[in-house]
Amino acid sequence: LTTVKEMKQLAFSFFVSPFSLDTSTSIGQENFQKVKNFLYTLVSSLNVSSDQIRVGLAQYSDETFTVFLLNQYSLKNVLNHLQGRVTFLGGPLQTGRALEFLHQVFFKEEAGSRISQGTPQFAVVITSAKSKDDVAEAAEELKEIGVKVISVGVQNFDREEMEVIATSPLVYQISGGQSISQLHQDITNVLEAPVQQHASVADIVFLVDESSRIGIRNFQLTRTFLLKIVNALDIGPNNIRVGLVSYSDEPRLEFTLDTFEDKSDILDYLKILPYRGGRTYTGAAIDFLRKKVFTQEAGSRKNQGVQQLAVVITDGQSFDDFVEPASKLRHHGVAVYAELSMDLLPTYTEKDS
């Protein structure tokens, strides 16, 4: 991450979207076919491939099962499945269980999810009636890991329940005055928003080691590195937000994601960032990011689908374990990048000479 170009590339990657399709008795055979046609049109308009947009599908009624995972098929095979191999099942409707299934099965690295890389995650839930089980807790757990949930109602859907399921205001319906073509366009716009945003929208928090092992010279190089990176980013409340935490024996919150709106204020703060020394506790500092910094109260826009990035600058040594805290942070929907502070030394020495 020692170049501005690499840093800016962190703020964008293509999204992952599993579809959860209601095949219960309440939807009926005729409406089920309409939904299949809708999905076929929607997916065929997306740029589906292993290194760009990944699509998965689950069917549910009283039970939920995987039709195909996110890393399983190319666009052609996805469309073939939608056309001929997705069949109507019937049975009572348990949407809460289906949401839990998506969380436990689809939003995992082994299923093809790139959630730990900071890739935007979407779940499109298509439902035809009020669920027989509770949906609130399962929906909230999905949103907490950074998944943006879109709910689509068919037939006798329950609007209030759909609003509980969805990330506001992403509630749609296949009925009434809203045409299928308009619905297709609306949802496509939501799914393609991360592609259109590119590297202009992200929440980035820098975690900076200021321990005695780093030393004053490397700390000064780190500060120069941060000034260079921040100066190149499109800082703004609706674009890239930046936060900063320094740490040694304990983490110190320098500023949150919503403290500064102007780039100049961040640069002024960085210029006088002090060096304190102390012992290195990287694990505790990473836990602090998850609990106190990547939160809505601290300016995080995770619930709005904005990418969450943590850049850890350290010498790689720590008095506590940092592997488990880093894993928890990634499962919280934050992409974690590490920069060894000693690697900054040759970069700036060569430039200065």
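Quick reminder: no glycine exception, Cβ is built from N, Cα and C everywhere.
Quick look at what TrEMBL lists:
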{"type": "DOMAIN", "residues": "19-187", "note": "domain 'VWFA'"}
{"type": "DOMAIN", "residues": "203-338", "note": "domain 'VWFA'"}
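Residues of the domain 'VWFA' (203-338) grouped by DSSP class, helix first, strand second and coil last, total 54 helix, 33 strand, 49 coil. For the domain 'VWFA' (19-187), the mean pLDDT of the prediction comes to 85.
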